[in-house]
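Reviewing the structure listed below.
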Amino acid sequence: MSEKKPRLRGALEGIPTYKPGRPAAAGPAGYKLSSNENPYPPLPGVLETMTSAAGGANRYPDMACTGLMEAVAERFDVPVEHVATGTGSVGVAQQLLQCTAGPGDEVIYAWRSFEAYPIITQISGAASVQVPLTDAEEHDLDAMADAVTDRTRLIFVCNPNNPTGVAVPGAALERFLDRVPDDVLVVLDEAYREFVRDERVVDGLRLYRDRPNVCVLRTFSKAYGLAGLRVGFAVAHEPVAAALRKTAVPFGVSQIAQDAAVASLRSEAELLERVEALVAERARVSRELTAQGWTVPESQANFVWLRLGDRTSDFAAACERAGAMIRPFPGEGVRVSVGETEGNDIFLQTAAAFRKSEF
Ligand SMILES: Cc1ncc(COP(=O)(O)O)c(C=O)c1O
């Protein structure tokens, strides 16, 4: 065999690997609170649509996602030309980097934030500029605006932020947007938008309308419960949306995903009732943790964050032993998704016991 190997792009060296949330342990007591998934399975009507689309799996899907684009445009009252779909919102985020950034360019985002940002930025060849969250786990928008240089091409604002759950208030976001040069794309990643209850947090779709450099990312994975199907979308003004359509993987979004997403939009009221139940459960979990003595940043998403520092891995191991898989960020903290009541209870009981033994 030849000693020579195919030459790969140097930019790929040292890319951190994406750590998916670990699955629940086998058995009845296993709960997966590690991936911010929706614990509810698809609605029966949505499942029926998926089954029917599966019957046509010998055909390629509608490459232009026509029905889905129209349904999104109608639901969110935006021109259809402003919509671009993709393989999950992370797929769309990666396309946004393909559209805007390459070697020599810079991409700014808060840190810690969604762990895909450093990976997809490095793949693009651009450099990451990570701006630490404040002590209150908030985006430091002033520092992020100060970090803009003439090499900056894209800025992610994860709102609410994964993994801390903290959201950026609208007034602060608008002040920040006013400071960012018009030729820098600001991506408002609103994967958890439907879980936001703080009225000070503005819907990005309101902000994008008169700002051609703002792009809003949304997903069907969280509130709509279709994480396994991989479908998300962006709303942006036409040059950006058109560039996204150019960079889309041909036939990337399956017909099952397209049809299920359209069916979910039609069943939105029912799905949003489930979101309401999860928001109530989030309030219960946060309240109980606070009563136990933990400092819990106010989450506007479907998870909570505990900054545990060097006790992070021990805490995650204790949860795992008790039957709940959570997401540790070693040395920093744990992110725990709001899931089934029983799983949340296991987490809460473990947190109470851990506090008594460790503090
Ligand atoms: C902030 C944020 N953005 C985007 C995504 C990706 O979602 P998807 O690719 O499933 O749409 C996630 C998933 O965890 C996320 O937390």
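Just so it is clear, glycine is given a Cβ too, placed from its N, Cα and C backbone atoms.
The compositional bias 'Low complexity' annotation in TrEMBL covers 20-30. As annotated by TrEMBL, domain 'Aminotransferase class I/classII large' applies to 32-347. The N6-(pyridoxal phosphate)lysine feature in TrEMBL is assigned to K222. Annotated region 'Disordered' per TrEMBL: 1-31, in sequence order.
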Give, as a single whole number between 0 and 100, the mean pLDDT over the domain 'Aminotransferase class I/classII large' (32-347).
-> 97
With the cut-off at Cβ under 8 Å and a gap of six or more residues from its ends, the chain residues touching the region 'Disordered' (1-31) are 37, 103, 115-116, 118-119, 122-125, 320, 323-325, 327, 337, 339-340, 342-343, 346
Taking the Cβ of K222 (N6-(pyridoxal phosphate)lysine) as the centre, how many other Cβ atoms fall within a 10 Å radius?
-> 26
